[in-house]
Amino acid sequence: MENLCNIFCGQSNCSSDNSQPCIPSFAFFTHPSSCSSHALIICVDVLLLAMILFNIIHNISVKKAVLPAHYRCFSSVQILVAVFNGCLGLFYIGLGVWILEEKLRNAHSILPAHWWSVFFFQGFTWLLVGLTVSLRRVYHPKIPFCILSTVAFLSAGFFSCLALYAGIVRKEASVKMVLDILSFIGASLLFLYTCKGHRYEVCDNSSESILYTPLNAEASDSSKAHSAVEITPFAKAGLFSRMSFWWLNSLMKLGKDKPLEEADIPKLRDADRAESCYLQFMDRLTKQKLDETSSQTLILWTIFSCYQRDILISGLFALLKILTLSAGPLLLNAFIGVAEGKQGFRYEGFVLAISLFFAKILESLSQRQWFLHSRLIGLKVRSLLTAAIYRKQLKLSNAARMVHSGGEIMNYVTVDAYRIGEFPFWLHQTWTTSLQLCIVLLILIHSIGLATIAALVVIIVTVLCNYPMAKVQHKLQSRLMVAQDKRLKACSEALVNMKVLKLYAWETHFKNVIEKLRTAEYEWLSGVQSTKAYNGFLFWTSPVLVSTATFGACYFLNVPLNASNVFTFVATFRLVQDPIRTIPDVIGVVIQARVAFARILKFLEAPELQTETVRKKSSTSSTNHTILMKSANLSWEMNPSKPTLRNINLDIRPGEKVAICGELGSGKSTLLAAILGEVPYTGGSVQVYGTIAYVPQTAWIQSGTIRENILFGSPLDELRYQETLRRCSLVKDLELAPYGDMTEYIMEALSGKAVLLVTHQVDFLPAFHRCLVSPLQDGEILREGPYHELLASSQEFLDLVNAHKETAGSEGLVEVTMPGRGKYSGKDIKISHVETQLQESSGDQLIKQEEREVGNTGLKPYLLYLNQNKGYFYFSIVALTHLTFVIGQILQNFWMASGVDNPRISESKLILVYLIIGLGSTSFLVVRAFSLVTLSMESSKSLFTRLLNSLFRSPMSFYDSTPLGRILSRVSTKSSVLHDSGTTLLFSFGATTNTYTNLVVLAVVTWPVLFVSIPVLYLAILIQRYYFATAKELMRINGTTKSLVANHLAESVAGAMTIRAFAQENRFFAKNLDLIDTNASPFFHNFAATEWLIQRLETLCAMVLVAAALCMVLLPSGSFSPANYIISVERLDQYMHIPGEAPEIIEDNCTPQNWPSVGKVEICDLQIRYRPGAPLVLRGISCTFEGGNKIGIVGRTGSGKTTLIGALFRLVEPVGGKIVVDHIDICSIGLHDLRSRFGIIPQDPTLFNGTVRFNLNPLAQHTDEEIWEVLGKCQLKDAVQEKEEGLDSLVVEGGSNWSMGQRQLFCLGRALLRRSRVLVLDEATASIDNATDMILQKTIRTEFADCTVITVAHRIPTVMDCTKVLAISDGQLVEYDEPMKLMKKEGSLFGQLVKEYWSHIHSADSR
């Protein structure tokens, strides 16, 4: 063994007679030219050659994977890798031949063999690598090739570090060291080529490529042409373009030339789009679920496996950044040696300056690519999670919806998914900080020896002190998210039902509830921010403590302090100063991501609807059944012991028309929901064949055009579309079509289809083949059969019909004549429709495009943020304390620099003064930390309060024209960003301050550098302005497109049942994916633009450093990039200046306590329009409602009935005329005084999340006895008493656990509790059955006998006993008189409506 070692390494220098053992030195193992280093290189080369050989044998033994002809062209990276490594290999071999020849010529021996053998092995290895990469027809196996390139990259990196260390520290230079560095470059190129997936470019010629043309060539070509224009240049950028961000120049130039629009931003690459990310995630998750159950670890590792290659690439860039950064102290040490006259060779200073420049450039390139790839990973993770959440909410079971409200689902997307998306950016910080600390410790050991232990101890103690606070922060963060969910849920509920709140004058109360929830949220937020402040102070103080402890250890261990080791220590420790200070941020991000991930995981694992067990794909033509239910037991709670409906047997055949009727709350809607697959069945079977069309009880309308809402994903057939408008009486020319015949038209249109109708209107029932009667008692279908058969056999059905006739009254004896149907032809309808469409298209759209600022707004967002609750005062404290701290650091370094080699200053004094200055400067950090927390909290609180006040004071026209998701995106996401805006502001100020102070110090030390630094600084400002022109618009577009995602989600949550019924899940999911990509593209280009800026600033900084040459001053870049996030304040400000409603209370004109005492309403020439420039909706209506009268308001759809009610409550202000109630003009008093004195039962029954007591008595103005009394009058007492909790019974969001009719009865109860002299019923009985309607009408007549009751009629009999009837058409008063007089009046609109109604009743009775 010894002989073999001598042959390879040569004779040892240790003499055999030496009494001391021959122990190899540290240099023996680390020197790049040592025998051990050469042996290690040869071992690695053998390993690489074996891997290449294995790949060759593997390709021969299996079927060759030959690339398609059109993919046989070389990529630019492939050519570069092959040429560079091939040339490098040839050079290695040539050098090995030359060394071997020299040995034979001079020594006549080839020993020692390590000198020439290492060059031969290296040469053959890199030459073979180059040849392997250059093979154009063979597809390299991915995994072995990745392993090969990774091993080559890591080994070459290690040996190049040894070469750099020897060159800088030992002042040695050799050809071997240069080749080691070149090998690392070659290995890096190989690794980059591998990580790109070694893609091949498509050849443009090649006749054989025509064989690979897609079948749908025309569509493919058009789509490719379209995508070629819009795809991001990043997709096709080469190596130089990607590394320098050159591919972004075109967008930056466009942004400088004009304000960017959404259409100007290119689309993402296919691999970065939400669809690709989601499909990849689901594919891997499905494969892994075969072996494991779903858990947090499983989903986490699935996400990691999807992007492990990207994580590895970013990690290697992070590693390269750390290695290049660590060269700084070594270069500084060498500079000091040159300054002290210890020059190793003649031009060492110039070589060191050039080395420093290239080290800084390489550091910048690696860090920018690290950040870019990390951000891109986060973007893709965020996109897939957003898509997964959206997909999940479409399948969420009803039980799960009780747990996960719409507001919480919105939070999952707008807050949690974004926090998880931020985590990959910080991922590598978790290990690079540790690696950097290890490298620093190695350098310190070399510099100051055992004194390094003191630094290590302080660092460990600092980290240990942070551990308990991290646990506390995790607990606080979890509770903060729960509080934030509650607040956002309340906000969402209030904003959705703002019209109801205004009608009841409850805005102030609900706003106060939200503010209380916000206060509770702020308590947890304050705790989180305080822990962050503590962590920040701890880690900002640690550098001073470490420095002092280390110098103190040097003093006690008699380690001499001189300029060389002191400045090497300072520069070395400065490497980890920023990473140590970011540890609190890393901990905070990890905690937030962990909490957010747990919340999203809980949602993704929630129970789903099993609609596939109900919906069958076979068409009705292949079966005799459309709907088949056998002994089905249905339960909303999925509890077999508590079925909602039981033992349901139902067989509906194609073309059959079936009506479902019954008492209020008898389970009619539940049966329909079960057919749609919405209710779990615990027994029996439910099968539905064919497609389904569903008309919900509550209309669900999306943001968009009327045509889009009608088509709902179906292709446009113009004739069929026009026919649909005609049959649904949506064409204005058909407003006079008979009411009953309109229903028959629809039934004719649905001929041949199975129809199920849930209704209280028994007058429709004769048109159906069968009727189902559903009782309340035991949840079974009591009776079924044809209409006349049930009349004879079922007492329950007979009672329903008789109740309807009693409600209808006796006025039906009037002779009726049916108006003709054929008054308008289809041609007239179509022409009218086109004219109307053209007229409307010239006006403004109701739903307006989201506004955004354009151009440079200067300091406006900053000033707006600081102008909240003494913001200037707190920021002044933050700025002064930070500036004092920076000055203290400069004084520390100045004291150490001036005293370290001063013999008149002892080491003890030097260290003591250094410690005092350090502790004095860090004391200001305490004030800065907590002033910053106060600034963030107070500004955020003030901005949210102003936003909330503005939203609750906004008129209904704002909510009619603004999608809910657009508002919620500001209330949720932007508020969360505000909490960190103070830190962002400090970072921007601090980085800029550090930059200019460093420039000042640099100018003082070496004033000639000003000739370079001033022009460079001017150039940096120009680049910054050039960048801002594009970046601000990208940030604004990112905000507006994010609102689109939030709005689509909010609408989909509200209409999930309709989407599922029409089987439109895939279409809505595809639209969601498109919106995610639309939002992701400006986000991607925004952070890419940030890296574009920083890289150029860092290049300028490197130029300044080269000019300074002997002055190592690191100018921090990125001073301007974080400022973009202040755009969030700008977007909030847009909703703080909405023109508000009139004052709630006018102090000088308050109403009397008993107003209105009579209830007389005088309407004088009332004119209403919804927005400026729009046509009048009410055109000069004048009439008087005498006190105590019962007024019925009738008219066809769109005539202005509801608008008149809105004017009475001042939901819309009159542009002319007035309304006087008991001699007081309602426009002269406050809105709260007006609305709180009127009672209303609105058209849409609305319940709020809470209890029965809260929904009836939210202001706590009534006793429980009064509430029970009202429940009895509303026929709800029994239903509430059946609940175990009574008045504390749960009402979920939207009241979905109560039937529609019961919700309407709750609204009646509110009116009975208020006891107003003026009561408005806005189609209040539309959702209740006739028997209940009759009882309620009697109750209203009794309870409000002396009140003015204004009823907007849904059923003609409702207004037959009114004192007077007001008939409106096209916003004008047509007639106003007693009902009987109007019926006898020739040409009366009211008489015509009565005739139409009784004609239908007559036709029903005659069947």
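Using the three backbone atoms N, Cα and C, a Cβ is placed for every residue, glycine included.
The transmembrane segment annotation in TrEMBL covers 38-58, 79-101, 113-133, 145-168, 174-193, 311-332, 344-362, 437-464, 871-891, 911-933, 999-1023. What TrEMBL lists as domain 'ABC transmembrane type-1' is 312-592, 883-1129. Annotated domain 'ABC transporter' per TrEMBL: 629-913, 1161-1395, in sequence order.
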For the transmembrane segment (79-101), which recorded stretch in the set 174-193, 311-332, 911-933 gives the largest number of Cβ pairs separated by under 8 Å?
174-193
Reported mean pLDDT - the domain 'ABC transporter' (629-913):
71
Under 8 Å, at least three CB pairs between the transmembrane segment (38-58) and the transmembrane segment (437-464) (pairs 6 or more apart)?
no
Could you name the stretch, out of 145-168, 174-193, 311-332, 911-933, with the greatest number of CB pairs under 8 A to the transmembrane segment (113-133)?
174-193
So which residues does the transmembrane segment (174-193) touch in its own chain, when a touch means Cβ under 8 Å and the partner is 6 or more beyond its ends?
32-33, 75, 77-78, 80-81, 84-85, 88, 91-92, 95, 122, 126, 129, 133, 149-150, 152-153, 155-157, 159-160, 162-164, 166-167, 239, 316, 320
Cβ under 8 Å to the transmembrane segment (911-933), counting only same-chain residues 6 or more beyond its ends: which ones?
526, 529-530, 532-534, 536-537, 540-541, 544-545, 547-548, 551-552, 555, 874, 877-878, 881-882, 884-885, 887-889, 891-892, 895-896, 899, 982-983, 986
